[in-house]
Each structure stands twice: as C-alpha cells, then as structure tokens.
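Here is the structure we will look at.
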C-alpha cells in the first residue's frame, strides 16, 4: 500500500479534488456485463439461521422505509465514551450505565489495602470523581496489602500518598483528598460513600444521614480483618434496580400456538427456552393469530424446554398460521433497604458463599460488632498471639450474643473467634483484592441501577488458608518488615516458604496484572531462593488499559510481560521476576523444558482461551505440579484448584462445545443478527484477506501455484483459481473510481441479486418434499434491497468497501470520499446491470453440509481453462504487482474494518427483517470480544491467592481447598471443595490420572514387559506417538525384545529427542490375567 497520511476521520488522503472518473479499466467490464448471479462464488463460512417474516422491503424507491440505526460517515462513535478504552467494559454495562458512571462522585474513606483496591477498581471503571479520605499516615504494616505505597511513603498521609498512582490509571477521573475529620454534611457531595475503617458509632451516624438524605446517598461499609471480611449495603428506603442480572432478554422462535384457554405456545427445537414461570413476554411477527402482536406483556407459566402456556383465552382468536418471536420483558425491581441501626439488630437473611458454613454468618455478625467494642474500649486491635486479648474478645462476643433477642447463636466457636482476634489488625492482600472487587461492583450498582445489589450483609472467611500445623504465638510477632501484617496471621515460617517459592504465571493480561500485584505484596518469590517467571507473547493495546492496571498509555505497543514485571518490581523491589515473551506451547518446550517444570512449586494460569489452559493442565499433570486456574466473563468469575493426587485436573471436565449454526443457515437462511455478523466477518476475510493472499501466492510463483491447483483438481482448487482470476481480471481496480464501482456492485450482488435468486429458486409458497412450507420457522423469507443514495447506511457501506478495496490494491484514497454528496455523485456513475434469476441453481439447504463448493465431473477441465486465462492475465499486470491483504483488526475504529462488517451484517439483516445493531454491538459479536471488568478480575485473583497460601504451606486436605463460581451481578457466591480424581484399582495397587510410572537406566523392550509382568499386567501394545513399537500379535516384533526402547523410538518412530530431553513417554495397552483391559498410567522411559 502506498504511503499516505491519515486525516481526522481515519481515511487516507490525497490532494483535494473532484472524483476522477477514469477511462476504461478492468472494473468497467463488471459494469457493462451481467451482474453476478445468486449462485456466485463466495468464501462464506459463517453461521446463520432463519425466521419467517412477511415484512416486505418493496423493490422501489421507498425501499428504505425499513429504518435502521444510521452509521455516520467516518468513525461514528459516541462522543462521550472512549470506546477504544472501554470496549470490554461497555460489553458488560452498555452505554447508559457507563454514562451514569461518568456522572458519579464517590467517596472512599480509609485508604489501607481494601480502600486502595476499591479506589483502583472505580478509577478503572471511569467514574466522574473519587475522593480519598484518610486522616492516618502510611505505616510499614500497610505495605502487606496496599499496592500504592512504597517504603518512601512511610509517614505520609495515606490519601495524599495515593493520588498520583491512582491518577495514572485514568486521567479522565478527578481524584481529590480529604485529610481532616469527615463531617456528615460533606457526604451530600457524593452519590455513593464507602467506609473501610470506621467505628460502628460513626458508621451509624453517617448512615442515618445518607439514608434520610434526598435523594438517598448509597452507603457501603466494608472491613477486612485477617482472613475475615464483611460488607454492608444501604442504598436508601426505595432503590430501583433497572436490570437485575445484565443478561440479554431471552427469546424464542414460535412453531405453533393453540386456540385454547390457557393457550399453549410451542417453539422450534433449535435452542432450549430459558424462560421461567412468572416471566413476562411479548409477541411479535405472528401470522394468523395477530391479536398477540399488540405488544402487551403476558405472564407465562408451565415453562418447559420448548414450550410454555400463557394465561390468556385464545379460543376465539384467529388460527395461528406461521412465524412469530417471543421475547422476555425485563422488569425493574424496587428494593427497600434498612438503615444500619436497624439492620444490626435485625440483619435478615445473610448472603451465603459456602454452604458448608451455613451457620458462620450469624457468628461473624457478632464478631465484627465485638471487635468494634474491643477497639473502642481499649483503643487498639487485639494483639496477634495474645491469649488475654483473645479471651477478652470472646467474652465480648458472648456478651453481645446473650443480649440479642433475635438471631441468637446457640453455639460460640471459640477456636474460630481466636483466629479472628489474632488477625484482626491485619489487612491481607488477597482478602483486600477479593472484597475490593465485591465493593467496587456494589458502588457501580449504586450509581447505575445495573445489577442486583447485595441485601444487606455479606460475611466471608478463609480460615482453611491457615497453616495445618498449630501456630506458636512467638511465630506471629512482627519482624519490622513489610510483611508483618501477613506474619501476624500466618507466622514467619509460612512467610519464608512464600518468599522462597518458584512460581510460573502464564499470561500477563487482566488476571496476570492482578496476580503479579498480589504476589508482590504477599512476598511470593521475594526471597533469595525464590523466582517468579511470567510469560506472555502479546503486546499492550489501548483497550487493555481499562482493567490491566499495571499498564499505562505510554506502554501501548510494548510487551505485556516486560512492562508488568517492571511494574510489579516497583510494588516490591525484592521480587525476583523474569519476564518472557514466549507462548507456552509444544513449540517452546526447549525453553520451558523438563528442568524448568521440575523446579516449580506452583503454576498460576492467567489465560484467556481453553486450548492454552488444556496444554498447561497437561504439563502440570505430567510434572505433578499444582495449578491454580481462574477465569472471568463479565461480572462472572470462577476458580479451580488443581492439586496433585487430591483433585481432578482441569481437563477432566469440559463444557460442551458452543453450538455452531449450519453453514447453509449462515449463507442463505439467517434468523438472527449473530448469523448476519458471522457471514459478514467471513465475507470480509474472504474479499480482503484470503483472496489478496491467494493472488500473492499465485504471483510469487505462478507455475508452482497452478501445478498445486492441478494436482488438487477439486472444487476448492477451482474456487481458488476463480477468485484469483476475478480479482486480477474483471474486478481489478486501477483507480479509486474502480473501487467505488466494485463496492456498489457488491451491494447489488449481496443484497439484491442473491436474494432475488434465492426467492426465485424457493418462492414464498414453496414446499418441502413432504409437503410442509419451505419457509417455515426458523427460516425467514427475504426481500431484496433497492440501493438509494438517500440512505446513509447504503452510502456508508459503499464508502467503507471502496476504501478497503483501495488499500488492497495500493490505491491512494482521495479526500473527497469524506463528502457524502461527492461520494454519492461518484456512486451514481456506476452502471448496474439488470439481474435475471437463473434456473437450476444449486443452493445448499442441507444443515449437515460443511462446504458450499460442489464437486463437478469437469473440475479438471475448468481448472485447465482457468489456468490459461490466468496466464494471459498475469502478463498484462504491471511489473512487481502485489496486493495488500487486510487482516481484521476490531480495536481500531479509524480503519473502516468494523464499518464494512457492520454494513454487511445490517444490510443482510434488513433483507431478512432481522433487527439491526450499531457498530459497537457489531464489534462485540463479530470481533468475538470477551466482556471484562476490573471488579470480577480482582475478586478471582484474591480467591486464588487465598488458595495459594494452602498450596505453598503444603499438607492441606482436599476438604480445605475451595473452587468458586461467583456472579457479582446477582450477587452469587458458590464455593465447594474440588472433585477428587478417579481412582483405578488393580490387585493391591491403585492410581489416578496424576500417576506416571517411571523406568530409569535406559531399559530394553524386554525390561519394560517384565516390569509390567511383575505387577500382574500383560502388555500387548506399546506405542510412541502414533507409531507402534510393539504388538504381541506381530511375530516380527519379538525380534525387538533386546533393543533399547530409546533406539526403537528413534529407529521405528523416527523420534527426534533433543539434548535437553532426558526421557520420552510411551502408551502401553495392558490386560490382567483374566484378559480384562486395565487402563494404566503413562510410562516415562529415562535414557539419560
């Protein structure tokens, strides 16, 4: 592509001038010849389905009566939201919630570890302002949990010391401080206030003010005390939740409706219905029983996977004919919060996180009240290891419990309360990260009404994280180090284990940044023997900055792992960290070799795809290393502990694969916008990436390319040649007007001609072989579009298509393309031939078909003819001619990629009467953007690091570990002990997937067989990879008995065993003496 500068709108520019309507050029042949027919080839491999629709798009000048969101020329983005920065967050919240956040002023009081985490999450979310309140100064103790402070900050006011680093996270957020005593009148400046270090008396005073204020000020009180945490929310007497769960409304495609009372509605069995009894739904697009198309919400009952009933008498309604969509109506919900004064005495139902601790929240409710009383009376927290303080604390709990009228605890767990007292002063980083995520999300709910708030108390503990061995009080004493708070809970022995551990963090994105921060604060890998290795092969993009908080805008384009490692080392200079830019995969096992894996203590996954997770899981399984797994999806997060010999591995249970729409649905019968966008993405890649790449492959070595196509001799080879020839001959562009002609004719081909051919082949009254209507649900009958220069979306499609086509041919883009009038004038010059549908066109309708290319007996002859034409065409090309394939990039709104994809999808949706989407929504679907927010990421990593204490301490039982699924939107927390691995037994032996049998000293085949025989196992087959080294049925294989197994692997299987490999693995099939197959572990043969 020729060098050119960028204009503000993102398009390349040349000197200002009028359209250059060129003389004869290859594209003119398209204008004067018959337009491409409905069966013209495309590189379609999208997903589509279909619905029935009688909305007609009339084939006349009023074709644009079907309104669509106008896509403005140029970037067309919302002026008040930086979509490049917030795209992943927008996918969770939507624009309206984001706008409410941008207008919200928040107070965070108490900037210790928890306050810092909450403030970080709110600044990343992009609220209008965050005011930090703290009257205290930074202590060395704070460095256990606060990522903002360094040792240089000791003695400074906490709020003032936090401003600069928090401001770096998001310059759009105003950050200010209050360093003097807070008055309740000051609270009126905020929409939400958060307190993390406040007495109960003061909290009640402030909460009363907030609760009675007009409008109410949302009040949140949260504390982290050692391994115990609490949250209290009060959003006022009447708080309206606009969207309780953030999920899209459920829909269904109707198959039939009975004339009955109540009426039975059946839906197509394409996908299970997600409706529940009591849901409200509306009907649309029903043919026949049109009485239901009135838009009135109706309540459903008897919800089943593919049917439900409505409380309505349809006996006298018109009979159902066809079509129809049923859509859930999401209702707002009004919540009545009690003020803290009342809720303390009558807390109502506690939100549970762990059903094995169902009796724990009432006790912790007492414990936090007793701790407040203790600190008020003594002016300090209980001292860790002090039995006197623990007894005093326990007596206060008992006293409060005895005076309680409702909710009195029958039993006081003194051991638990002792742990509570000992850790009461400490704010642990994993707890702060977890609660920082929870509280940050509650603030977002308070400001926006998006998602269901916490009602009203939540208590959590992780006492299972404590060391297995009882702690000596002397081991809990401070050492005047930055880890003193953590030592006061876990003791100095576990602290030493943390510091000397060797950890592998895989991935340095959102999860990876949070993990590095947590590990640095915990002191993991900060000792002389410790080492943290992090790897990530990705570079930083602007969209990362809204949640990958170790990165700044000046880091864009740099390696993620390197920048994150440097940032983590600033949090704790003692961190021993090595950053790599290698993807952990079979191709990098020379870097991550046996020695590397054998020296690890634990692996922490921070990955974003299943295949990479499965590979790391197999490596951990093989080397018997603990794997701490986590993931997020919007407001949801999950964690899974994979512990050698205790739990099943990650790959032992898999989610079912996502259902893919049949190819014929995507190509010809779409019935939702996802199908249209899948098709659009496929067309984009076919036209602008694959075909230009195919052209370059041909031009690089024409004889080799054509020879390969001849040898293939199939429909795919024919298609490739046709596309290359079309690109270099009939559709070759020599100037920008050619590009406009190409784009305009593509519009005609896609949205008029193909539809006309389809409806000619399958008319609206067509029937299937068994007599049923062909266009029955879920198929939708399409209508062709008539191009209109007055329709901005039509013009936008042509502009985006022409600009990108020009890029592939290296044609300069003129400045006048930005003028709608001049562009429209240029488009009007294009000659569009009339289209005549053809008979006997083959349109694929088989849902099991995997290709749209159909083989023909004369493929070879056609290929020969195409090669001859290509040869002639090539000789007419300019010397050194090459095309510029365009690789789809979703996160650059100035490149017109999403403009074209959204245009393709929306025009197609208009053909089929499917609701259209704006460019942002199109980007989410076509770009396969994973919704992500900082709060769920922080919570997931906090939960994982609570498990890391257990892993590095060692000796914990299965029941001590926790897997978690959480949904901050609901909110829902579900914790359970992991599933143990499946045990296989044979005679007096037993093993699991974790076991690997090892043979050392370079054994022979005979040695291996005898070794197994001694275990009562008869091996009948031994293989290396896909190659058979031994099978008892082959007499010749007995000649291999005295050969070394390594030689068999090299000679028979052609194994390449590099110098860094000391062993290889064989799979052995065995049976016992009764000829029963026995599934044995993998066997490793050590030959060095």
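Cβ atoms here come from the backbone N, Cα and C positions, even for glycine.
Nobody curates TrEMBL annotations by hand; they come from automatic prediction.
The stretch that TrEMBL tags with region 'Disordered', taken from the ranges 33-82, 83-132, is 33-82.
The 10 Å shell around the Cβ of residue 664 (active site, glycyl thioester intermediate) contains 20 further Cβ atoms across the protein chains shown.
Averaged across the domain 'Ubiquitin-activating enzyme E1 C-terminal' (961-1083), pLDDT in this predicted model comes to 93.
Here the domain 'Ubiquitin-activating enzyme E1 C-terminal' (961-1083) has, by DSSP, the following mix of helix, strand and coil residues: 22 helix, 47 strand, 54 coil.
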